[in-house]
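As given in TrEMBL:
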- His28: active site (ACT_SITE)
- Tyr293: heme binding site (BINDING)
- 1-305: domain 'Catalase core' (DOMAIN)
Amino acid sequence: MAKEKLAETAVNKIEKVFGEHKTYRRAHSRGTGYKAVFTANGEGKNWTVARHLREGTTKAVVRFSHSSPDPFWTDNLSPVKGMAVQFQLPDGQVMNSVGVTSPIFFSRTPEVFTEMLDIAKSFKKGKPRLRDLIKLFIKYPESRAAIRIIRKMQSPASFATGLYHSIHAFYLVNGTGQRIPVKFQWHPEAGVESLNPVEAASVKKGDFEKELEERVIRGETAFRLIAVIGDTDDPVDDPTKDWAEDRKKVELGRIVLTEKTDEAEGLLYDPTILAEGVECTDDPILHFRNPAYAISYMRREGEKQKES
Ligand code: HEM
């Protein structure tokens, strides 16, 4: 099946499983946006020609989200949180950097992802029952690691205390044209902090959004951008596999949230849109996200226009 057709099938299935929530994103439906400023620390000059990662400051719009496609789920039912950053370069280029609090993804290919949505129909409170889990583990052994992580995952205590992973590998392109495989991470300056199950149970819908707004008013809320440098043998096209913990990590700069904005809700954080100096790998899931996000964007923005 062509990539676009399969993406439409996948988005339709998401709507069937989690409900059709008009005007919302079809995944990571509920979120909150902030204007931000990224300041490169100069280290990027050793790794890439991408201007915003080499020097100076760049404007950005950041959206934090709960992963559920259902905006009415309480915050604790979506332990995986998202952080989407759109760098807006002065020359008009944009670069999206989209991360979640899980280091790996649960499907290796778009076909498996779309098939898995059928099994997800039976999930209770977003988590698979043992019977479904065994089915998944037998059929898709490569998905075991991510499903185990997601099942045990505790929500960060705040959007500002999550460590967000790009999951996919990308290439940084340097001045000699060399392509260096990297995975991006956003590290919270507030430190990584998670909720225990008792704390998580008391979280109500919208608590995370409120807490972040108060935190930004109170003081500086920032994240450090880290590039994890891949070794020659590290897989660059398999989001179900993490790289070894001891890989070299390079800090490229920091992003500071400045003020709340509604702008993020209308943006499309397509992770394949990158600036010169950063390129996509051949990861099939990464490339599948391009048509899937476009379909979701067209539906939600079309619905907003009809409502207005
Ligand atoms: C088969 C693979 C995937 C599909 C089909 C998919 C689907 C979607 C869709 C339809 C949206 C809403 C897009 C919009 O309306 O703008 C979305 C948002 C999002 N996805 Fe995925 N996704 C996939 C993989 C991933 C992976 C691997 C990550 C990990 C980084 C991820 C993180 C996010 C985040 C953080 C958002 C919210 C972005 C925002 O705030 O606009 N997704 N996804």
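The backbone N, Cα and C atoms fix where each Cβ goes, glycine too.
All TrEMBL annotations are machine predictions without curation.
Residues within less than 8 Å, Cβ to Cβ, of His28 (active site) and separated from it by at least 6 positions along the same chain comprise Ser65, His66, Ser67, Ser68, Pro69, Gly82, Ala84.
There are 23 other CB atoms within 10 A of the CB of Tyr293 (heme binding site), with all protein chains counted.
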